[in-house]
Amino acid sequence: MPDPASLLANRSDSIPSLANQQIMDDNRRPIKSRSNTTIVALSNWLAHTRVTPNQISAASVVFATMGALALLRTDSVLAMLIVIACVQLRLLCNVIDGLVAVEGDKKSIVGPIFNEFPDRLADSVLLIAAGYACGAASLGWAASLFAALTAYVRVFGGSAGLPQRFIGPMAKQHRMAVLTLACAATIAEIWLHRPHVSLLAGLAIIAAGSALTCITRTRALVLDLRRTRRDAEEARHA
């Protein structure tokens, strides 16, 4: 039977036993920036305000939407700079929401929903907008679909009682890194009066990489399930 506790990640309001705490640790995306002193200081400050982790998660969608609107102006250096800034702010929200929940003891029963849904929306609006911006709308929709599927496979593993796997090669942070580089390259194309191909190339990389990530995560999930069953059978016959 699926283990609901595996979906509660780091913002569950349940009283964590040692087992539940391990599940929470296993289901947190490994991000080095969580130990960044500036980010930690910002999180500590927000933890002592009335701002909630869920509001921070929702803000990531606002920044993503602003970036998506700016993406439609691929002939503007300022617009590309706005996209880059909005992508980074979106990622910042994704990092500090969990930190604020822990530091400010602001865990919420609906935290797991806000931990996932805003991410999917933010990915979608940015990637779909990128598709329209480079004249390849279908590619943008495909990239958005594959990005959502990478998360679906990960969370499905959690619902089966397994640690959620954040492996790539095109996890969320990688998708946003490629999009950022594509926008930076577009700025160079504007300055050099070159054809705008970087955004199209970046989106193709994101779509293909996300599809591959679905495969690698599904394969890892199958192996984990088989290993779990084998271990259970060995324990039963021990």
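Counting begins at 1 with the first residue displayed.
Just so you know, glycine gets a Cβ as well, placed from its N, Cα and C.
On a predicted model such as this, the values are computed, not experimentally measured, just so you know.
Listed features, source TrEMBL:
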| type | residues | note |
| --- | --- | --- |
| TRANSMEM | 55-72 | transmembrane segment |
| TRANSMEM | 79-102 | transmembrane segment |
| TRANSMEM | 125-155 | transmembrane segment |
| TRANSMEM | 176-193 | transmembrane segment |
| TRANSMEM | 199-220 | transmembrane segment |
May I ask for the residues of the chain that lie six or more residues beyond the transmembrane segment (55-72) and have a Cβ under 8 Å from a Cβ within it?
-> 46, 79-80, 82-83, 85-87, 89-91, 93-94, 96-97, 100, 114-115, 118-119, 121-123, 125-126, 128-130, 132-133, 183
What parts of the chain pack near the transmembrane segment (176-193), using Cβ distances under 8 Å and only residues at least 6 beyond its ends?
-> 71, 74-77, 80-81, 83-84, 87-88, 90-91, 126-127, 130, 170, 199, 201-203, 205-206, 209
